[in-house]
């Protein structure tokens with residue numbers, strides 16, 4: 001029978017000093033012997049996805065205390081990728097993921113916490129906490145802040161839905177007048193919450209449902225809706241139940257590694273492919289799997305991508321639907337239900353509610369249940385009122401969207417495409433693979449051959465795109481932006497956005513060893529591995545080289561002979577694998593990250609051979 005970890009600091013005469021300090025935090029005599037549960041919050045006023053989380057920890061803590069636990073809250077950092085985008089701040093985004101994982105480990109292990117509730121929301125915070133949960137393997141429940149409502153404004157007397165990417169793209173489009181840009185900027189992000197499309201933050205919060213570590217509705221229920229409050233209350237109660245099952249009943253099935261098995265990781269990846277989620281999720285799932293000691297690799301992702309169809313298209317892959325529409329269509333339980341009926345889901349994986357994922361689908365899939373409470377839950381919709389307050393409205397759609405032929409979520413029979421929303425490509429330029437979000441690629445360019453135009457940094461690429469150097473038919477190469485080469489593996493949202501803004505979104509491809517924002521669409525191929533700084537072939541490309549991309553056949557080839565590549569490699573070995581003429585100030589913290597980082601095909605985690 002496992003004993004409470006917290007007993008290390010609360011039991012025995014020799015812990016009188018520690019108990020004295022615990023008492024100074026507010027603990028009473030009868031609290032010693034109860035499970036101490038870390039409430040891992042990430043409130044910050046820097047990030048709209050986290051600006052409303054200040055009071056969420058208190059909600060969770062009250063339920064923990066009422067159920068017989070002791071709640072102790074602490075905060076992690078949180079970087080806003082959108083605000084950090086397009087300048088040196090983006091170098092810090094991915095490294096913050098690992099820093100968050102470490103900080104959670106430090107706090108939980110230093111204070112011998114017995115379990116944790118992870119209150120996350122945005123791009124690197126959920127993955128960082130997920131890595132920590134897998135590493136620590138103590139009872140854990142995830143509950144996120146929820147998605148932002150989609151922006152809405154009138155342009156040319158037509159009501160349109162908006163998000164962050166629209167503001168970025170229109171500002172770079174010289175045909176859009178200043179008044180329209182101003183209207184879009186002021187309407188694109190109307191409420192608290194993670195940005196309203198299927199970008200990285202929302203993708204990751206959806207994947208925690210598929211992994212079994214969060215509650216139904218976690219990924220799709222709006223941050224502003226009153227119904228979301230119940231997710232926090234339930235998380236507080238449920239974590240105490242998980243503690244009892246583990247520490248009092250010796251039931252290890254409630255631990256994160258028992259829930260997030262390889263089958264669960266496959267479920268999460270299948271969901272990601274089916275909903276056309278962010279390519280960043282590949283990076284984060286690979287990293288979390290390594291922390292969980294689960295053998296889940298790019299080969300598994302490739303296998304799944306060849307059989308899972310695209311069942312949902314949401315911004316940025318379409319302007320028609322945002323996360324509020326996914327929720328109306330039944331949320332993640334509905335997509336998982338369609339995967340289950342297509343025999344593309346492991347239905348026997350477990351969840352933090354103590355059910356199998358199959359049992360959870362039966363209870364919460366709106367096409368299977370007549371339960372009015374469930375249907376009411378998924379009718380929760382936007383209010384259209386600017387606010388930074390959680391639970392500030394209780395508006396509802398008149399009906400759910402259960403149209404699986406033409407609605408937001410489709411059945412396999414009526415899928416947006418039988419080919420999934422994400423694909424892994426391999427070839428001589430990406431021996432260990434690269435990733436493309438196929439849900440955002442126009443059918444006309446699923447096969448594309450063009451001339452390379454090479455840039456040694458994101459900044460140089462942006463200058464080249466806006467300066468007219470990039471033309472139709474080019475394959476834009478942005479290299480030395482990988483985990484090592486950046487260092488930090490920047491997102492390339494500005495280059496892809498600017499290509500669209502000048503009318504080249506369907507006329508060019510982009511290949512990088514960096515990564516993309518979840519807001520990216522188009523023929524944008526990232527995570528090229530090995531990266532240039534690790535001697536990857538992308539570092540050998542020269543202007544004018546032909547590159548052939550074939551998404552249906554999962555191939556990407558640099559059309560240069562092996563003999564020529566061998567000559568170039570010998571020359572580059574002599575010069576060193578570093579960018580030519582790039583001026584970039586790199587801090588000691590970033591140098592440390594780059595020194596230990598692996599390439600993207602390994603999740604950009606630390607290279608343990610260097611420890």
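Cβ from N, Cα, C; glycine included.
Noted in Swiss-Prot for the protein shown:
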BINDING   81, 123, 124, 491  Mg(2+) binding site
BINDING   122, 195  [2Fe-2S] cluster binding site
MOD_RES   124  N6-carboxylysine
ACT_SITE  517  active site, proton acceptor
Next on the checklist: Centre the Cβ atoms of 81, 123, 124, 491, go out 8 Å, and tell me which other residues of that chain have a Cβ in range of the Mg(2+) site.
Outcome noted: 79, 84, 90, 93, 94, 122, 200, 201, 280, 517
Checklist entry - According to DSSP, does residue 491 (Mg(2+) binding site) fall in a helix, a strand, or coil? => result strand
Checklist entry - What is the number of other Cβ atoms found within 10 Å of the Cβ of residue 123 (Mg(2+) binding site)? => result 34
